[in-house]
Amino acid sequence: MFKISCLILLPLVSLFLSTSHGWAQSEDISGIISRDLFNQMLKHRNDAACPAKGFYTYDAFIAAAKSFSSFGTTGDIATRKREIAAFLGQTSHETTGGWARAPNGPYTWGYCLRQEEGNPDDYCVANQQWPCSPGKKYYGRGPMQISYNYNYGQAGKAIGYNLLRNPDVVATDPVISFKTALWFWMTPQSPKPSCHSVITEQWTPSNADSDAGRVLGYGVITNIINGGIECGKPTPSEVQDRIGFYKRYCDLLQVGYGNKLDCSDQLSFA
């Protein structure tokens, strides 16, 4: 596994130190993930073979992250790095263009797609609070491949844009696209905790979670995203892919992986 040999130094002016907890918070995540490192992580996203070529930019990622001030700024430096690696790992799987013998390996081909390919369904279900707009489709778009009208509606409300009326913007505006993925990452949807609270270890599993095998670790994030299909069984290729991206990004960020990367022995959330 390729590793960056140089240390990533944080500008002192960007840090707020809490001596009581030994934590550090920065104004944004650019002190942890530089443009060069972002490009190394998502090495082939602008390859000619990728439909999303030129779409997912570093500047859009940083701009979107500033709208979610706790993302990548919570906890100690290892926790902050691990959250960025986890977010990019999960979303790289969702947008992968890689294959087993891809140049530089399959885990260098994240962010190759910006929307669901082919002729997807409309993903419209009856919902009084988040009704579908006539003729609009709510299939997977953006880093998290956000789907269904109720998710577009909630995400749009959170970021201040009517995504029910214009869902296509998630595949045409890179800042909005990243914001929808970060909204999903940062927002708990009962009974599921937020991905953010899991990776920063702010989530405390309930007795029901513990009985279901859901413990702190990257595996619970996979469970949050797609547990009904991918968890509670011998680790399928999709989960292996999520883990492979995550481990590569942790290596590049020079941070440990944490605990429980898979979800093979976890029941999905109800």
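From the backbone N, Cα and C atoms, a Cβ is placed for every residue, glycine too.
In TrEMBL, annotation is done automatically, which means it is predicted and not curated.
Over in TrEMBL, the protein carries these features:
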type     : residues      : note
ACT_SITE : GLU94         : active site, proton donor
DISULFID : CYS50-CYS112  : disulfide bond
DISULFID : CYS124-CYS132 : disulfide bond
DISULFID : CYS231-CYS263 : disulfide bond
DOMAIN   : 50-72         : domain 'Glycoside hydrolase family 19 catalytic'
DOMAIN   : 176-186       : domain 'Glycoside hydrolase family 19 catalytic'
SIGNAL   : 1-24          : signal peptide
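Positions of TrEMBL features highlighted on the structure.
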{"residue": "CYS50", "record": "disulfide bond", "Cβ within 10 Å": "22"}
{"residue": "GLU94", "record": "active site, proton donor", "Cβ within 10 Å": "21"}
{"residue": "CYS112", "record": "disulfide bond", "Cβ within 10 Å": "22"}
{"residue": "CYS124", "record": "disulfide bond", "Cβ within 10 Å": "17"}
{"residue": "CYS132", "record": "disulfide bond", "Cβ within 10 Å": "21"}
{"residue": "CYS231", "record": "disulfide bond", "Cβ within 10 Å": "27"}
{"residue": "CYS263", "record": "disulfide bond", "Cβ within 10 Å": "28"}
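CYS231 (disulfide bond) and CYS50 (disulfide bond) have their C-alpha atoms 29 Å apart, to the nearest angstrom.
Averaged across the domain 'Glycoside hydrolase family 19 catalytic' (176-186), pLDDT in this predicted model comes to 98. Put simply, GLU94 (active site, proton donor) is 14 Å from CYS50 (disulfide bond) when counted between their Cα atoms.
Across the fold, the C-alpha of CYS263 (disulfide bond) and the C-alpha of CYS112 (disulfide bond) stand 25 Å from each other. According to DSSP, the domain 'Glycoside hydrolase family 19 catalytic' (176-186) comprises 11 helix, 0 strand, 0 coil. CYS132 (disulfide bond) and CYS112 (disulfide bond) are 28 Å apart (CA-CA, integer value). For GLU94 (active site, proton donor) paired with CYS132 (disulfide bond), the C-alpha to C-alpha distance reads 24 Å.
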